[in-house]
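Novice: Below, the features straight out of TrEMBL:
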- 78, 81: Na(+) binding site (BINDING)
- 37-60: transmembrane segment (TRANSMEM)
- 67-86: transmembrane segment (TRANSMEM)
- 106-128: transmembrane segment (TRANSMEM)
């Protein structure tokens, strides 16, 4: 049970760090780069994916307790951006040569994610009325 609690604590600490980093980086970008394009989340997604690749490579080479891995990946980068996990999972499929699954996963996630967001917006608009 102690190992589970330590993992939960590591994930939680990382989540606090990642979510705050995303929020304040997004604010900074809006203030300095404008709001015509979502620069903050764009930057979060790209840097989060880069950092996820770096962390995955380091964890494959360095023997660390599992708490460090989940703090960095699931906690910090997972709350900073889930796009980073999506990117790494897609890369893993490509590395295995599983092109069909990689295309289905990467393309399907992007397309279905946008369609799901549109469906959610439409459902709530239908249930409670359009935005005011």
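Cβ coordinates come from backbone N, Cα and C, glycine included.
Caution: TrEMBL annotation is automatic and unverified by curators.
Surface or core, plus neighbours and distances: that's what I need for these features.
Specialist: Within 10 Å of the C-beta atom of residue 78 (Na(+) binding site) sit 20 other C-beta atoms, taking all shown protein chains into account.
When Cβ-Cβ distances below 8 Å are used as the criterion, the transmembrane segment (37-60) is approached by residues 22, 25-30, 68-69, 72-73, 77, 80-81, 83-85, 87-88, 91 of the same chain, each at least six residues removed from its ends.
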Novice: Who are the long-range neighbours of the transmembrane segment (106-128) in its own chain, taking Cβ under 8 Å and residues 6 or more past its ends?
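Specialist: Same-chain contacts beyond the ends: 86, 90.
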